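Scroll down for the structure; my scribbles are underneath it.
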């Protein structure tokens, strides 16, 4: 049986992971809003288009980096989760899959 301190530590970790997921999704939404605004170029010339493409490429790289970081954080802590935790019948693998699904759904919108 787990000690109260261990349970608190595990709950704290889960809340941190969920907060990180929410922050990442919010960050991705901000990038998407920025991308949508930047695509509308009036009177385009080659220099303006190249600058906007560069900005879009940079935003896309940030988005990919945020997703990779989130996956890394979740997978690094998978052993800790599988040793200690089951949330309403969910295994650690299922929790991580849910996090990845959230990212995929967000990516589609």
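Note that Cβ sites are derived from N, Cα and C of the backbone, with glycine treated the same way.
Not measured: the values here are computed from a predicted model.
Residues or ranges marked as topological domain 'Virion surface' by Swiss-Prot on the basis of sequence analysis: 1-4.
Residues or ranges marked as transmembrane segment in Swiss-Prot: 5-27.
Its own atom aside, the Cβ of residue 23 (site 'Seems to be involved in pH gating') has 12 Cβ atoms within 10 angstroms in the protein chains shown. Per Swiss-Prot, site 'Seems to be involved in pH gating' is recorded for 23, and the stated evidence type is similarity to another entry.
Residues belonging to the topological domain 'Intravirion' (28-109) score a mean pLDDT of 66 in the model. Here Swiss-Prot flags 28-109 as topological domain 'Intravirion', drawing on sequence analysis.
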